[in-house]
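Notes follow the structure.
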Amino acid sequence: MSVYGLQRLYIAGAHADATSGKTFDTFDPATGELLARVQQASADDVDRAVASAREGQREWAAMTAMQRSRILRRAVELLRERNNALAELEMRDTGKPIAETRAVDIVTGADVIEYYAGLATAIEGLQVPLRPESFVYTRREPLGVCAGIGAWNYPIQIACWKSAPALAAGNAMIFKPSEVTPLSALKLAEIYTEAGVPAGVFNVVQGDGSVGALLSAHPGIAKVSFTGGVETGKKVMSLAGASSLKEVTMELGGKSPLIVFDDADLDRAADIAVTANFFSAGQVCTNGTRVFVQQAVKDAFVERVLARVARIRAGKPSDPDTNFGPLASAAQLDKVLGYIDSGKAEGAKLLAGGARLVNDHFASGQYVAPTVFGDCRDDMRIVREEIFGPVMSILSFETEDEAIARANATDYGLAAGVVTENLSRAHRAIHRLEAGICWINTWGESPAEMPVGGYKQSGVGRENGITTLEHYTRIKSVQVELGRYQPVF
């Protein structure tokens, strides 16, 4: 018997049975308990979702921007009213501590919907005079039906981040959550419907990567926004382009550098480094997992980091005092433990953690101790590859130029940060770092107003911020001639 029973698709404003005959299970990563059996969408179900999205989108786009704004604001109110219940669901599905899901996951998703609800009325075109009797004007029109494909680390937040600009601009969205954390997107769909979003404007189809491939290749979809790993992102982008030259937004992986200079406030730097590696058990795409520390302060910095790691409270996610939970799946647990073994084998110095937590209530969950490696080299796998778990690699450097060169020596370019009291150095270093999201003397906050996205193989396009709306609209140019037409022949 599962906790939440059978979960279906959400199409045309209501829960709907899948036609594939297939299901998959989702488990509580802290206890191993079966949470739900989930129906997997078929190709026919995706077609049905696209058809209902087209119909709903026409009604949604015909509304005034102010009407759409009011409906989205009502959805925000409902999300905030139900924050605690949604946070508990997210806690069970992801394994995150309840203190975290209550304060972050739903809150930041609602903030982004509120932000774009406020911008819906600001979508406008231009008027360009050509001659006294002729001018051009432009219209920003919605793309139509968009697809969102989410990751398992921030299920409801990602669903909000992808749907908010799409809906504000007059589009419909078909959202596929990760099969690892499939539950909260259905609650968001219910909230949108209750708020007044027309049937079909936000549909949810469940399933594994094969369902994501169906969405990416579907000719009736105009844009795909994907969050996940680099290799999967490349496949999604290839399918999207080969099928119908879709617009794409890709928020992919990272191996982000955090540079601590010798003039830094070391207590602050240690606080930042621990947050940048162990928040959400290290399952954050922007984590600063390559920690470069100037040689003169390395020992003092390491001492402070280890003191803070010792204070991390791993435990039951439902305990309000817990601030460190399990990994989201058994597959991720095996992957992270494999990287830890690799770090040991390649000669990194294990300073903390380095093993699975198995005592007492940890035995049935997917917990890995917060792990810190010192004396790391740039050629180690734990330094080069994205782990997506609670593993910090500390490296030393001598000069600013050296730190920048080594920080940039990666195929990734999602995030970067510096800790220094020297304002000139801070900006100089940030301007040289090849990353799309950067922080000075802080780490990790991604407010609605801040564009989020990467350089190099960390992504294409941006989420959040004003400019994202441009990527959910297309420009129509119209020339108007008020005077006599001048024939060519």
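We count from 1, first residue shown onward.
Cβ coordinates are placed from backbone N, Cα and C, and glycine is handled just like the others.
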Per Swiss-Prot, what member of Glu386, Glu398, Glu400 joins Gly150, Ala151, Trp152, Lys176, Pro177, Ser178, Glu179, Gly229, Val230, Glu231, Thr232, Gly253, Cys285 in binding NAD(+) at one site?
Glu386
For Val230 (NAD(+) binding site), name the DSSP secondary structure in the helix/strand/coil scheme.
helix
Among Val180, Val230, Leu245, Cys285 [binding-site residues], residue with fewest other Cβ within 10 Å:
Leu245
Given the recorded positions Glu179, Glu247, Glu463, which one is most crowded in terms of C-beta atoms within 10 angstroms?
Glu463
For Thr232 (NAD(+) binding site), which of the recorded positions Lys162, Val180, Glu247, Lys456, Gly459 has the nearest Cα in space?
Gly459
Using all protein chains in view, find how many other C-beta atoms are within 10 Å of the C-beta of Pro177 (NAD(+) binding site).
27
Which one is closest to Asp93 (K(+) 1 binding site) in space, judged by CA to CA distance, out of the recorded positions Gly150, Glu179, Gly459, Glu463?
Glu179
Which recorded positions (Thr26, Lys162, Val180, Leu245, Glu463) fall within 10 Å of Val230 (NAD(+) binding site) by Cα distance?
none
Determine which residues of the same chain, besides Thr26, Asp93, Val180, have their CB within 8 A of the center of the CB atoms at the recorded K(+) 1 site, and list them by sequence.
Phe27, Pro29, Leu35, Thr94, Trp152, Pro155, Ser178, Glu179, Thr181, Pro182, Leu183, Ala328, Ser329
